Amino acid sequence: MATILTLAGDGIGPEIMTQAIDVLNAVNDKFALGLTLESGLIGGVAVDSTGEPLPEETLQRARAADAVLLGAVGGPKWDGIERSKRPERGLLKIRSELGLFANLRVAKLYPQLVNASSIKPEIISGLDLLIVRELTGGIYFGEPRGIRTLENGEQQGYNTMVYSTSEINRIGKVAFELAQTRAQAAGTAAKVCSIDKANVLEVTELWKQTMIELQQSEYSDVALSHMYADNACMQLIKDPKQFDVMVTGNLFGDILSDEAAMLTGSIGMLPSASLDEAGKGMYEPCHGSAPDIAGQDIANPLATILSVSMMLRYTFKQEAAAQAIEQAVSDVLDDGLRTVDILDRNEAGLIQVGCQQMGQAVLAKLI
């Protein structure tokens, strides 16, 4: 029997997690998956309860679990505390401690939401791209880092961006193999676009060269292209459907995946997976804790529900259950139900609903 650790976290985390758990329990019963759910603390609520953003008990339970489902962490309540104790440090630590090096973010536009995007329909209709982000290296984890006082009394902040060939090869393999899988399913040619700033950063010059060597030695059937990060930001808006799989480092991936989220109409629609080398993972929505709307029953639970779908697909290899959730989400959108973030007030026949009503509507499609 497999175990899933749920970590609701802060802000809207508990609201969206409640809906995701209901959906998970439904598919667990319907497909006889044999999954057991546990819960734990992370982020600000963990700081309030234990003094630590990632309590040792939570970390040990996460290590023992087969997968982790996360809501959201952080909020202004904890902005003034010591940096090492802030909620976001718990998220960084659990990723690092579990070896979750590969972050997968799917930017898929549901046809029902084409008018919710700020981009012209002809540019984004049919969008389905995957961003593979290296998650445990780069400038977010590089040492040395800190804030120091210079001899003249001025303060200076500094960080280090560093990648080894083994780290680059590891994330590259994930990207190339996912491109092969996606191409086989779609009946298209496999392609990967590697994002760097090799023109100014030596670390990404190594990134680019390592990707080239990996493709030539092991993945010659996958077309590999390269793009500077600043141009990639522009091209995502200009012509997003030119991409299938994008692979990049931690910092650029953080920026590009949030940009890609808005192509779909709302970051509230985007799930993500963070995987280790064995396929064990942590699954979470791409959005943050949104403390400004917490407790108001207006958050969009669909990204978290779709994160459950990704979990079933990538960790538990339950494709039928994963597709059932995705179809249920699509059916609810067909019914015209919209949370406020994806509501087009100029489109007739739409029904504004809250977090709970949206989640229960998806659940009803699965029962």
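Each residue, glycine too, has its Cβ placed from N, Cα and C.
Quick look at what Swiss-Prot lists:
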{"type": "BINDING", "residues": "75-88, 288-300", "note": "NAD(+) binding site"}
{"type": "BINDING", "residues": "Arg95, Arg105, Arg133, Asp230", "note": "substrate binding site"}
{"type": "BINDING", "residues": "Asp230, Asp254, Asp258", "note": "Mg(2+) binding site"}
{"type": "SITE", "residues": "Tyr140", "note": "site 'Important for catalysis'"}
{"type": "SITE", "residues": "Lys197", "note": "site 'Important for catalysis'"}
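This view paints the features noted in Swiss-Prot onto the structure.
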residue	record	Cβ neighbours (10 Å)
Gly75	NAD(+) binding site	22
Asp79	NAD(+) binding site	9
Pro87	NAD(+) binding site	27
Arg95	substrate binding site	19
Arg105	substrate binding site	24
Arg133	substrate binding site	27
Tyr140	site 'Important for catalysis'	18
Lys197	site 'Important for catalysis'	22
Asp230	substrate binding site	12
Ala290	NAD(+) binding site	23
- [ ] Taking the recorded Mg(2+) site as Asp230, Asp254, Asp258, identify the other residues of that chain whose CB atom sits within 8 Å of the mean position of the site's CB atoms, giving them in sequence order.
- [x] Ala229, Cys233, Leu251, Phe252, Gly253, Ile255, Leu256, Ser257, Glu259
- [ ] Using C-alpha atoms only, work out the spacing between Asp254 (Mg(2+) binding site) and Pro87 (NAD(+) binding site) and round it to an integer in Å.
- [x] 18
Open item on the list: I need the CA-to-CA distance for Ala290 (NAD(+) binding site) versus Lys197 (site 'Important for catalysis'), whole Å please.
Closed with: 32
Task: Three-class DSSP secondary structure - Pro87 (NAD(+) binding site) - done: helix
TODO: Name, in the order they occur in the sequence, the residues of the same chain whose CB lies under 8 A from the CB of Ile298 (NAD(+) binding site) and which sit 6 or more residues away.
DONE: Thr339, Val340, Gly354, Cys355
Task: Pairwise CA distance, Asp79 (NAD(+) binding site) versus Tyr140 (site 'Important for catalysis'), rounded so that it is a whole Å - done: 18
Task: Residue from Arg95, Arg133, Asp258, Ala294 whose C-alpha is spatially nearest that of Lys197 (site 'Important for catalysis'), among the binding-site residues - done: Arg133
TODO: For Arg133 (substrate binding site), identify the closest of the binding-site residues Pro87, Asp258, Ala294, judging by Cα separation.
DONE: Asp258
- [ ] Determine, using Cα-Cα distances only, which of these recorded positions is closest to Arg83 (NAD(+) binding site): Arg95, Arg105, Tyr140, Asp230, Asp258.
- [x] Tyr140
Task: Assigned conformation of Asp230 (substrate binding site) - DSSP reduced to three states - done: helix
- [ ] Across all the protein chains here, work out how many other Cβ atoms are within 10 Å of the Cβ of Asp258 (Mg(2+) binding site).
- [x] 16
- [ ] Around the Cβ of Asp254 (Mg(2+) binding site), how many other Cβ atoms lie within 10 Å? Please give the count over every shown protein chain.
- [x] 18
Task: Length of the line joining the Cα atoms of Asp258 (Mg(2+) binding site) and Tyr140 (site 'Important for catalysis'), in Å - done: 17
TODO: Could you check which of the recorded positions (Gly75, Pro87, Tyr140, Ala294) sits closest to Arg105 (substrate binding site), going Cα to Cα?
DONE: Tyr140
